[in-house]
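Listed in TrEMBL for this protein:
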| type | residues | note |
| --- | --- | --- |
| BINDING | Ser82, Tyr151 | Fe-coproporphyrin III binding site |
| BINDING | His214, Glu309 | Fe(2+) binding site |
Amino acid sequence: MSTTDTDSSPETVLYASPAASSGPKWVETPVAYDGILLAGFGGPEGQDDVIPFLRNVTRGRGIPDERLEEVAHHYRHFGGVSPINQHNRELKAALEAEIAARGLGLPVYWGNRNWEPYLEEAVTEAAEAGDTTLLAIATSAYSSFSSCRQYREDYARVLEATGLGETVTIDKVRQFFDHPGFVTTFVRGVTDAVSAYVAEGIAPEKIRVLFSTHSIPSADAERSGPRDVDFGEGGAYAAQHKAVAAFVMAEVAAAVADVEWELVYQSRSGPPTQPWLEPDVNDVIAELPGRGAEAVVIVPLGFVSDHMEVLWDLDTEAMEAAEEAGIKAVRTPTPGIDPAYVSGLIDLVEERLKGTPKAERPHLTDLGPWYDVCRPGCCENIRAGFKPVAAGLRP
Ligand SMILES: CC1=C(CCC(=O)O)c2cc3nc(cc4[nH]c(cc5[nH]c(cc1n2)c(C)c5CCC(=O)O)c(CCC(=O)O)c4C)C(CCC(=O)O)=C3C
Ligand SMILES: [Fe+2]
C-alpha cells in the first residue's frame, strides 16, 4: 500500500497561494506563514457550560438527549470542568517558547471548535494584527471526518462567518500520527509499563497491550483518507493507528520483550443500529483473563492529552473493567506538553516554511509522511452532507 499523492507526483508538495482571491489557488513554493492557528476541540469549564457545550458538539447530528445526559454526567463528576482548555493554554505557551527559542517570530492564536475561546475569536484577532496567512495545528493526529475534515469545515465556516474569506487563508500541517514528536511519548510509556510489569515478576506472555482510540462510525472510517487509496478495513483511520501501534511494539520488543497487542475502540455514541468501529476496550478487557493475561497496559493512542475521554472512559471505566476482570492495569501518558511533542509540532511548521521535500520529512510508518493538502473527497462524511472546507486541494 502506498500513500503517494494521487493527483500529483509523489514528490510534489503543494502550498496555498497567499492571495486567496486571485492567481493560482495552490503553488509549489513554500509560503511565508505569518501566524499559527492552534485549533482545539474545546470543553466546558463549569457546570453551567456542560449542556451548551454538548449542544455545540452535537449540533445537527441527531445525538439523542439520553446520550447527552449520559455524557453530561461524566463532566458533572469532575465539577463540570474538562481539563482540555487548560491543556491547550499550556500547549500554546509551550509552542510560543519553542518558537521563540528557534527565532521563528510567529504568533500563536488559539481557538476551539466547540467552546470559548472560539476559532472565530482567534481568526479575528489574527486578522486585526495583520496576520492573514495562517498555518493551523489541530490537536488531532489521525485522518477521519471527526479528526481532520471537521476541523477544515470549521476553518471554512469561520472564514465565512467573520467575513474574512477574502483576506485570510488557513492551511494546516499534515496529520502527525506517525511523526516522531507524537509517537515518542507512547514508546516511552509502553516501554516503562511493560518493564515495570516484568520487574514485578510478570512474564511477558501474561501481559497484553491495548491501544485505544475513539470509535467512529464504520462508514466514516471507510471514507477516511484520500478517496482513491484503499487502506483496508477501517480505512486510513484504522490503518494509521495499527501502523503506529506496530512501530511502538517493535520498539518495546527491542528494549524489553515481545508482547501481544491489539487495537481497541472507546467512547462509542450514536444509535446501536449504526455500525461503529469495534471491539470496545471494556469488552476486550473482560476477555483478557480467559486468554491467559494477568496484566494489561492501556495506551490512549488516539488522544493528544488527558481530556475527558481519557479521564472517564479509560481511567474510570476501563480501570473498573480491569478490576472486575481481576487483572492488573496501567494507563500510559498522552503527549500533553512533552517536549518531544512540542518540538515535533514546530518541526511540522518549519518543514512547511522551508518547503522540505517529502522524502526528507520524518515519519515512522510506511503510511507517511501524510499530505499537507487534503485531496478532494478526503475524509468525507455523507451523513453530514457536503460543506465547504479550507486547507484542501481545490477540485
Ligand atoms: C475521532 C474523535 C476524536 C479524536 C480527535 C480529536 O481530538 O479531535 C474525538 C475527540 C474528542 N471528543 C470530545 C468530546 C465529544 N465527542 C462527542 C462525539 C463524537 N466524537 C467523535 C469522534 C472523535 N472525538 C464522534 C464520531 C462523535 C459522535 C458524533 C459527533 O458528534 O461527531 C461528544 C458528544 C457526545 C457523545 O456522543 O459522546 C463529545 C462531548 C472531546 C472533548 C473531551 C473533553 O471535553 O475533555 C475530544 C477531544
Ligand atoms: Fe468526540
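Note: Cβ is positioned from N, Cα and C throughout, glycine not excepted.
Recorded residues Tyr151 (Fe-coproporphyrin III binding site) and His214 (Fe(2+) binding site) have their alpha carbons 16 Å apart, per Cα-Cα distance.
When secondary structure is read from DSSP and collapsed to three states, Ser82 (Fe-coproporphyrin III binding site) falls in the coil class. Using a 10 Å radius centred on the Cβ of His214 (Fe(2+) binding site) and all shown protein chains, the other Cβ atoms total 22.
For the pair formed by His214 (Fe(2+) binding site) and Ser82 (Fe-coproporphyrin III binding site), distance between Cα atoms is given as 17 Å, rounded to the nearest Å. Distance from the CA of Ser82 (Fe-coproporphyrin III binding site) to the CA of Glu309 (Fe(2+) binding site) is 10 Å. Checked against ligand 1, the binding-site residues Ser82, Tyr151, His214 give Ser82, His214 as the ones with a Cβ under 6 Å from it, listed in sequence order.
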